[in-house]
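Engineer: Starting off with a structure, shown below.
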Amino acid sequence: MENRASGTTSNGETKPVCPAMEKVEEDGTLEREHWNNKMEFVLSVAGEIIGLGNVWRFPYLCYKNGGGAFFIPYLIFLFTCGIPVFFLETALGQYTNQGGITAWRRICPIFEGIGYASQMIVSLLNVYYIVVLAWALFYLFSSFTTDLPWGSCSHEWNTENCVEFQKANDSMNVTSENATSPVIEFWERRVLKLSDGIQHLGSLRWELVLCLLLAWIICYFCIWKGVKSTGKVVYFTATFPYLMLVVLLIRGVTLPGAAQGIQFYLYPNITRLWDPQVWMDAGTQIFFSFAICLGCLTALGSYNKYHNNCYRDCIALCILNSSTSFMAGFAIFSILGFMSQEQGVPISEVAESGPGLAFIAYPRAVVMLPFSPLWACCFFFMVVLLGLDSQFVCVESLVTALVDMYPRVFRKKNRREVLILIVSVISFFIGLIMLTEGGMYVFQLFDYYAASGMCLLFVAIFESLCVAWVYGAGRFYDNIEDMIGYKPWPLIKYCWLFFTPAVCLATFLFSLIKYTPLTYNKKYTYPWWGDALGWLLALSSMICIPAWSIYKLRTLKGPLRERLRQLVCPAEDLPQKNQPEPTAPATPMTSLLRLTELESNC
């Protein structure tokens, strides 16, 4: 199937015209940027994919789902879904030289909704993910003290049920069912001032508001100059967390009880593989930790030079990401093993996931260490950096998509900076609802529904179908060969064609069947309207794909067959193997002649 001439107008619509060059200097449009070198791209992607999930989610899932046995489903999903989709999105951005929306428009206009779905997810992610940074900053600032404030029960926010840390053989009576620890009271009564439900949002926590404002200011100045500033910032934000992680790892494995914790982390329980939930956890973890279906990889790849070897980069980055998750497990569970031994309780009682690990379990363990404020500062500084580069790359993804949709509007001097400011301000004000006394319940809604594995799996199904079956896996492989000089491992193509959509569809259907309404802390049940709001958040992204396809089919003129032909044909100015890249803009006359020639063929 040949290509059909098409182009992009200033308002973002696709029309069948002859290719035009993106660089339009006459109207003041700036040339699209590129990375100064490969290292900036690699570190930017590493900063995006290596985030909080590597530290607070993967180790817990590994322990929960059979220890070392969990690596079997994890590796299967890694090679059938993770690496293929990761490579697909990165190569797509590099090939089309476009962001997360227009890249899909240029290879298959009927599936442009994939881009809108991914940007809807990343927009919601931008609102709530940075709230974790606000919490981490609050803890970081609270750590600059001689005695950590969550280490004792002598503060004004503590209750009479507060029981300080102690070993099991201490004489104090701790049998009360209402007994709580100072770290939990610090988290719920000092940091969050948690209300009794989502129906009681209460007042704003102004200390957290200032922390959120600081986080957004840092995020803004990390990307305000585009890849020129992002490429420099990631040299620090993407590498320094590794230093912190190594320091915490060395400290953890030298503690008494560390071996017990690591044993719980890795000891294989093969019988857990018969539980379908283990496989679903492995699949969703791959999508979470590899930043798949968010448009971020497409945006970052679009700033590569055309002949960059993105295949080699993607394989190396995927290995780095999984290795980091594995190493983080040693750092976390060595500390949890120490805490388990010190308190004389089973490790199952101290193992936590998500915010519970970062703001309850680990702070509790830190108090037991000598020089505890130092280790608290190291840990929360690492959390801030891990979350920061993931956050600003997500914002960069959204901004890149908008700029590429409307280049004549935003690709002009200082307008991009204004756009980033607008996105940051809007996201900041929406995020304030999560800093109220009931804000934690709203945060959990966003985390459970808005960027859930269900949404990401749904988008991944259509991504693989679009590239492999509509655009053509063979054609895309030829495009990749034209870029990097050779064809990648053939298994990746077959994953796009068969394994990836099948595995994603099966996991998606299973997640629907096994769906359980959200609860907070296994105690609070959300009202019906809370779950309804959550489903609206989830559907807001998934509905974009079918809705866009129906909209384009209804608005285009002509017979259905002709409309379908126009909507599945890629842009004419996309470079093809053994064909020279376009070197000059087309005129209206050549556009008309070209359209006549291609009237019956794509």
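The backbone N, Cα and C atoms fix where each Cβ goes, and this holds for glycine too.
Got these off Swiss-Prot a minute ago, pasting:
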type	residues	note
DISULFID	Cys153-Cys162	disulfide bond
CARBOHYD	Asn169	N-linked glycosylation site
CARBOHYD	Asn173	N-linked glycosylation site
CARBOHYD	Asn178	N-linked glycosylation site
CARBOHYD	Asn269	N-linked glycosylation site
MOD_RES	Thr587	phosphothreonine
MOD_RES	Ser591	phosphoserine
TOPO_DOM	1-40	topological domain 'Cytoplasmic'
TOPO_DOM	142-206	topological domain 'Extracellular'
TOPO_DOM	549-602	topological domain 'Cytoplasmic'
TRANSMEM	41-61	transmembrane segment
TRANSMEM	68-88	transmembrane segment
TRANSMEM	121-141	transmembrane segment
TRANSMEM	207-227	transmembrane segment
TRANSMEM	233-253	transmembrane segment
TRANSMEM	282-302	transmembrane segment
TRANSMEM	319-339	transmembrane segment
TRANSMEM	366-386	transmembrane segment
TRANSMEM	418-438	transmembrane segment
TRANSMEM	453-473	transmembrane segment
TRANSMEM	490-510	transmembrane segment
TRANSMEM	528-548	transmembrane segment
Engineer: Using Cα coordinates, what distance in whole Å links Cys153 (disulfide bond) and Asn269 (N-linked glycosylation site)?
Structural biologist: 39
Engineer: Around Cys162 (disulfide bond), how many other C-beta atoms are within 10 angstroms of its C-beta?
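Structural biologist: Looking across every protein chain shown, the total is 20.
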Engineer: Taking residues 6+ outside the transmembrane segment (418-438), which of them lie with a CB under 8 Å of any CB in it?
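Structural biologist: Sequence-remote neighbours of the transmembrane segment (418-438) are 123, 126-128, 130-131, 134, 192-195, 197-205, 208-209, 212-213, 216, 219-220, 223-224, 395, 398-399, 402-403, 410, 446.
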Engineer: Give me the count of other Cβ atoms within 10 A of the Cβ belonging to Asn269 (N-linked glycosylation site).
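Structural biologist: Neighbour count, Cβ to Cβ under the 10 Å cut-off: 13.
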Engineer: Report, as numbers and ranges, every residue of the chain located at least six residues beyond the transmembrane segment (528-548) whose Cβ falls under 8 Å of a Cβ in that stretch; write 'none' if there are none.
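Structural biologist: Sequence-remote neighbours of the transmembrane segment (528-548) are 110-114, 116-118, 120-121, 124, 198, 441, 445-446, 448-450, 452, 454-455, 458-459, 462, 517-518.
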Engineer: Considering only Cβ pairs under 8 Å, which range in 41-61, 207-227, 490-510 makes the most contacts with the transmembrane segment (121-141)?
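Structural biologist: Counting Cβ pairs under 8 Å, the winner is 207-227.
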Engineer: Okay, the transmembrane segment (490-510) and the transmembrane segment (366-386): do they have at least three CB pairs under 8 Å, pairs separated by 6 or more?
Structural biologist: no
Engineer: When DSSP is mapped onto helix/strand/coil, what comes out for Cys153 (disulfide bond)?
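Structural biologist: DSSP assigns Cys153 (disulfide bond) to coil.
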Engineer: Under a three-state reduction of DSSP output, how is Asn269 (N-linked glycosylation site) classified: helix, strand, or coil?
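Structural biologist: Looking at the DSSP assignment, Asn269 (N-linked glycosylation site) belongs to neither helix nor strand, so coil.
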Engineer: Look up Cys162 (disulfide bond) in the DSSP assignment and reduce it to helix, strand or coil.
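Structural biologist: Note: Cys162 (disulfide bond) is in a strand by DSSP.
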